[in-house]
Amino acid sequence: MKKPIRVAVTGPAGNIGYSLLFRIAAGDMFGPDQPVILQLLDRASPESQQKVTGVMMELDDCAFPLLAGLENSPEATTAFRDADVALLVGARPRSKGMERADLLNANAEIFVAQGRALNEAASRDCKVLVVGNPCNTNAWIAMKSAPDLKPENFTSMLRLDQNRLMAQTATQAKVSVNDITHAAVWGNHSPAMFPDLDHALIKGRPALELVDRSYYQETMTPIVAKRGSAIIEARGASSAASAASAAIDHIRDWVLGSGDRWVTMGVPSDGSYGIPEGLLFGFPCTTKDGRWEIVQGLELSDFARATIAKSVAELESERAHVAALLG
Ligand code: NAD
Ligand code: LMR
């Protein structure tokens, strides 16, 4: 039996938590022979803790063969102790009419505190995925609050945006998502993102031979970029099962390797493509041996550059806004 992987998950009493935990415990994140220990962190309030208790009862009742341990603490340093992977989901979600920037102040303090706790308690190689919005800037805050951990191990979730782009492309081109490769999303997890079909292939041929370019630029791009709002409008709550599924995809591919597939990850920029260094930015990546690399040498069209510039401006202004909180 392999040594269990310790996975800290914040927000286990919430909607994403309720989809995510059961899939991790079932083996969807690390494979069918990899035991896991789940370490949960939610708010200390009696209501939150009571919900966490209920979720833990259900996890017990599943009798998952791979669930080697289940722990809960409202103290971040306890919940993050020796964590190999930390999924920072817990945050206030956006409600109808709110933009992600409105969440900045509400959620920034959470990620300062959790970054510090990771710095103190987590494994020195802990891989961090920030899902709680605004996830790019929250990941930047956590990274800056954890100076003893590897900056490259702080990532944010844009995989849901890639999955949305692939699903829209498959529908439009009347193919299976399995036929699509090299679809990726650049920038911020916000309406400023750039869903990139310029490099995508369908059955090895350019995707834009099967999807009309003006449809892609004028219709599909805003559908993907504003899908989060459309889900909130339709469901009355932000996406949960699809977000959990994307978190599984993100960590699975990071840990187990992407092969030659491209995977979209929000990562600290190394200056590639002129994106300011250190900015947490969505890039097409490949992963191997637990490390990611930004795909290099891509040509960016004027449309791509103009859209990517919007994400840079948005993320730089978010970063300037929260920098004061870091002291
Ligand atoms: P939810 O309100 O259902 O659950 C949030 C949970 O986090 C609650 O249990 C809450 O008690 C907990 N929480 C709040 N503050 C906490 C803290 N300081 N420490 C630990 N736990 C805390 O929300 P949800 O629908 O599960 O969404 C969670 C977050 O994920 C939101 O910020 C949402 O906007 C974001 N999200 C991101 C993506 C993405 O693609 N990046 C997609 C969907 C949702
Ligand atoms: C999403 O993309 O579904 C989430 O980030 C929810 C939101 O606030 O848009």
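A Cβ is built for glycine as well, from the same backbone N, Cα and C atoms used for every other residue.
As a summary of secondary structure, the domain 'Lactate/malate dehydrogenase N-terminal' (6-154) carries 67 helix, 26 strand, 56 coil according to DSSP. Annotated domain 'Lactate/malate dehydrogenase N-terminal' per TrEMBL: 6-154, in sequence order.
Under the heading NAD(+) binding site, TrEMBL lists Gly11, Pro12, Ala13, Gly14, Asn15, Ile16, Gly17, Asp42, Asn107, Gln114, Val131, Gly132, Asn133. Counted within 10 Å of its Cβ, the other Cβ atoms near Asn133 (NAD(+) binding site) come to 26, all protein chains included.
Sequence annotations record features per position, and here TrEMBL assigns substrate binding site to Arg94, Arg100, Asn133, Arg164. Cβ-based neighbour count (10 Å, all protein chains) for Arg94 (substrate binding site) stands at 18.
Taken from TrEMBL, the feature domain 'Lactate/malate dehydrogenase C-terminal' covers 159-323.
The number of other Cβ atoms within 10 Å of the Cβ belonging to His189 (active site, proton acceptor), over all protein chains shown, comes to 29. The feature active site, proton acceptor is assigned by TrEMBL to His189.
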Which of these binding-site residues (Gly11, Asn15, Val131, Arg164) have a C-beta closer than 6 Å to some atom of ligand 1?
Gly11, Asn15, Val131
So, three-state DSSP: helix, strand or coil for His189 (active site, proton acceptor)?
coil
When you tally the Cβ atoms that lie within 10 Å of each candidate's Cβ, which of the binding-site residues (Asn15, Asn107) has the highest tally?
Asn107
Which residues in the same chain, at least 6 apart in sequence, have a Cβ under 8 Å from the Cβ of Gly17 (NAD(+) binding site)?
Val9, Gly11, Asp42, Val55, Val89, Gly90
To the nearest whole angstrom, state the Cα distance for the pair Asn133 (NAD(+) binding site) and His189 (active site, proton acceptor).
8
